[in-house]
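If you check TrEMBL, you get these features:
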type     : residues                                                                   : note
TRANSMEM : B:20-39                                                                    : transmembrane segment
BINDING  : B:Gly28, B:Ala30, B:Val31, B:Asn35, B:Ser259, B:Asn291, B:Leu408, B:Ser412 : Na(+) binding site
TRANSMEM : B:45-67                                                                    : transmembrane segment
TRANSMEM : B:88-110                                                                   : transmembrane segment
TRANSMEM : B:174-192                                                                  : transmembrane segment
TRANSMEM : B:204-228                                                                  : transmembrane segment
TRANSMEM : B:248-273                                                                  : transmembrane segment
TRANSMEM : B:285-306                                                                  : transmembrane segment
TRANSMEM : B:396-417                                                                  : transmembrane segment
TRANSMEM : B:438-463                                                                  : transmembrane segment
TRANSMEM : B:469-492                                                                  : transmembrane segment
TRANSMEM : B:513-535                                                                  : transmembrane segment
TRANSMEM : B:562-587                                                                  : transmembrane segment
Amino acid sequence: YAWDANEEYLFKAMVAFAMRRYSSKSTTQISNVLLCNVTDRVSFWFVVTDSAKNGTTVPGSEVEAAIRMNRNRINSAFLLNDKTLQFLKISSTISPPVEPSTPAWLIVFGVVLCVTVAGIIFLIVQGIQRRKKKNKESSDTENLEEKCEVTVTIENGIPCETLDLKAGHINGVYAADDERFASL
Amino acid sequence: ADAPPESLKEDGRPKWDNKFQYLLSCIGFAVGLGNVWRFPYLCQIHGGGAFLIPYFIALIFEGIPLLHLELALGQRLRKGSIGAWSAVSPYLGGVGVGSWVVSVLVSLYYNTVLTWVMWYFINSFQEPLPWSVCPLNENRTGFNEECYESTAVNYFWYRKTLNITPDVTENGTLQWWLVLCLAACWAIVYLCTIRGIETTGKAIYVTAIFPYLVLTIFLIHGLTLPGATEGLTYLFTPNLNSLKNPRVWLDAATQIFFSLSLAFGGLIALSSYNPPKNDCEKDAVMVAIVNCLTSLYASIPVFSVLGFKATSGYWDCLDRNIISIINKFDLPEQSIMRQNYTTWIRLLNSSHPEKIAALQLKSCNLQEFLDQSVSGTGLAFIVFTQAVILMPASQAWAILFFIMLFSLGLSSMFGNIEGVFTPLLELKIVSKSIPKELISGIICLTFFLMALCFTLGSGSYWIDIFDSYAGSLPLLIIAFFEMTGVAYVYKIKRFSEDVKWMTGRKPNLYWQITWRFISPLLLLIVFVAFVTLQIQKPASYAAWNPKYEDFPMKEEKVYPPWVLAICVLLAVLPCIFVPLVAFFHLIKQTLRSKDPNSVPPEVFSCEVAIS
């Protein structure tokens, strides 16, 4: 926005407001604030006169203190900040940084670590389960092989026994020739 | 005698799920932090686009032959580095042990760099970013002095992250926040390598592909930033005069060598899990080309952002001057803009020279800002973080950038850990009944405890030492012995037959010439040049000392003798195994031949075969 007489009026009003709030006497008027040496840069000098004491200006320190107290309101009235609206003798104080109770990085770190540890535990448990299953499977197959061997011997035994028990025809052609039988 | 192919399939060795996983692992191992923060820097200081000429020459005559050699060796012999080199010739077993030692040393400090990346990552979730503002001093009257004299970004890196001591001899204390991050990093590495390639193969899909996504995002965003074109023209404008400097050729050769992660033993380990009949020639060429293209691709967003940062700095300088002029001469706002700044200055200088002189304006030169080149950790943690503050939505960019760096480093760590893990599994030290999870857990825990020394106040000085001495010179020596070992001990003819058996075609003339003559010669020249350059200047380092009179400039200090002794030890330790193992084997052979009662082992094997 352009700086014109209306903005100057607003500025005078803000300074008067600041003086009223600071000294809590409601005698400061807009007419008490005088602007001079207004340049195109939009820089100017201003003084505050005291209507009670005729013609004297309010000491600079008081004005400074008043403005310091209400700096925020003055800035917002003009939609500016400490950098763009500068009072040459009043340096802005640095606001202390906001520090949360737990540093933010600790929270993120906690999340990352928890996820990692959960993954590790899951993989280890999976590995253990897989190994148990493999052990069980391998022991199962071992048992199965033993059983087969046992049955085979039994099966080998039974036919012979049944052959002996049953009264079977003995083929005469082979009966005479004992050497033909293969030795067991 | 070659073992028949059918029996190899039943040797119970783990294998890759598919070829893509294997290629991604190799590419992830090769593509690391150096592609992002070393290659663009070298390009910049060695004449821009002209650097690509020695770079590609080194790639063709040194990088690809050595890469093919390692991949083919691992695939044929199906063993990690120690087993593979012992199988090539028992006298060359030391080469494998040397590779293994280098992998151990590099794994230690590489993960600490990842710790720093993780620290920055978890700090990027704050608003405003902690490295953008200086903290206040004790009585809240102003900013912290160290921070005020340097910059907020420098302060966060040197004080809040490293808490660096002014001298390498002052150890300082363990920085608890770095210890926590180191534990988290090693936990992540353990999680991904817990069962060897079975788990890294799954993790690599994310860690190898994600950086490319982020690089693309940064590329698009970077090109839209103001000043990006200045940065890019600065990077790529070729200056052919720089090729006359031999330093450029040496840097190109070493960059190719370290960028492809050769001689670590990791590539041999990765390819040993391949099926025997796999085209390793195509793999080698592909991995090398992807690595180089990634370097080029990464340098574009890096330099766009650096150009943006330089332009921002230049504009800030101009703006400060403009404000002081406007204030002094009470000119209306917006009367002097950046474009007509020079005309205004000339006008005012001619009309009111004494007023202009009284203002003490700083001369703003864009070239000067662009010339501030940095590489390595300085690029990532100081320059880039400063650029990120200037961007809108800086938290998101910071988070993306640090996750990308973390993925890049993590995929390289997988290769390193495989290079350590695979030979250990094959040595008879560990019995088969111990589960893999336990072995990798013990390795990760041991490395974590050893790497705690890098979290001391002087830790970053020690990491520089490890990087310069353990991660550079021994690799050149080991690579030289690898090449000459295969070329002249194993014999190229036999090796060509092996490659033919695996790929189905005999290696052509290019491979024969480079394997036999060009690459070993080139390695020897690079090694000699490297050593000569190292010896010429006394080993010094730049220390961050707030009490230094020229602070914030870094103080140049010389290493004390005991630190130099450690440097030499680090460089010599891996290499000493090469002659040591050969000597040890020689002794064994002479003792065996002298003993008349002992039967040579070949006779035994013949007997077994017959019965």
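Any Cβ shown, glycine's included, is placed from N, Cα and C.
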Taking pairs 6 or more apart in sequence, does the count of Cβ pairs under 8 Å between the transmembrane segment (B:174-192) and the transmembrane segment (B:396-417) hit 3 or more? yes
Count the Cβ pairs between the transmembrane segment (B:469-492) and the transmembrane segment (B:438-463) that lie under 8 angstroms and are 6 or more residues apart in sequence, then report whether there are at least 3. no
Please indicate, using numbers and ranges, the residues of the same chain that are 6 or more beyond the transmembrane segment (B:438-463) and have a C-beta under 8 Å from a C-beta there. 104, 107-109, 111-113, 115, 162-165, 167-175, 178-179, 182-183, 186-187, 189-190, 193-196, 377, 417, 420-421, 424-425, 430, 541, 543
Counting Cβ pairs under 8 Å that sit 6 or more residues apart, are there three or more between the transmembrane segment (B:513-535) and the transmembrane segment (B:285-306)? no
Leading contact stretch, B:20-39, B:88-110, B:204-228, B:248-273, B:285-306 vs the transmembrane segment (B:562-587) - CB distance under 8 Å: B:88-110
Would the transmembrane segment (B:285-306) and the transmembrane segment (B:88-110) count as touching if the test is at least 3 Cβ pairs under 8 Å, pairs 6 or more apart? no
At a threshold of under 8 Å on Cβ distances, which of B:20-39, B:88-110, B:248-273, B:396-417 pairs most often with the transmembrane segment (B:204-228)? B:396-417
Take the C-beta pairs under 8 A between the transmembrane segment (B:88-110) and each of B:20-39, B:45-67, B:396-417. Which stretch has the highest count? B:396-417
Looking at the stretches B:20-39, B:45-67, B:396-417, which one shares the most CB pairs under 8 Å with the transmembrane segment (B:248-273)? B:45-67
Around the Cβ of B:Ser259 (Na(+) binding site), the count of other Cβ atoms that are within 10 Å: 24
Would you count the other C-beta atoms found within 10 angstroms of the C-beta of B:Asn35 (Na(+) binding site) for me? 26
Can you tell me the three-state DSSP label for B:Val31 (Na(+) binding site)? coil
Nonlocal residues around B:Ala30 (Na(+) binding site), in sequence order (Cβ under 8 Å, 6 or more apart): B:Ser259, B:Leu260, B:Ser261, B:Val287, B:Ala288, B:Val290, B:Asn291, B:Ser412, B:Gly415
Setting B:Gly28, B:Ala30, B:Val31, B:Asn35, B:Ser259, B:Asn291, B:Leu408, B:Ser412 aside, what same-chain residues sit with their Cβ within 8 Å of the center of the Cβ atoms that define the Na(+) site, listed in sequence order? B:Ile27, B:Phe29, B:Gly32, B:Gly34, B:Ser261, B:Thr294, B:Ser411
Which chain-mates of B:Leu408 (Na(+) binding site) that are at least 6 residues away have a CB under 8 A from its CB, listed by sequence? B:Val31, B:Gly32, B:Leu33, B:Asn35, B:Val36, B:Thr207, B:Pro211
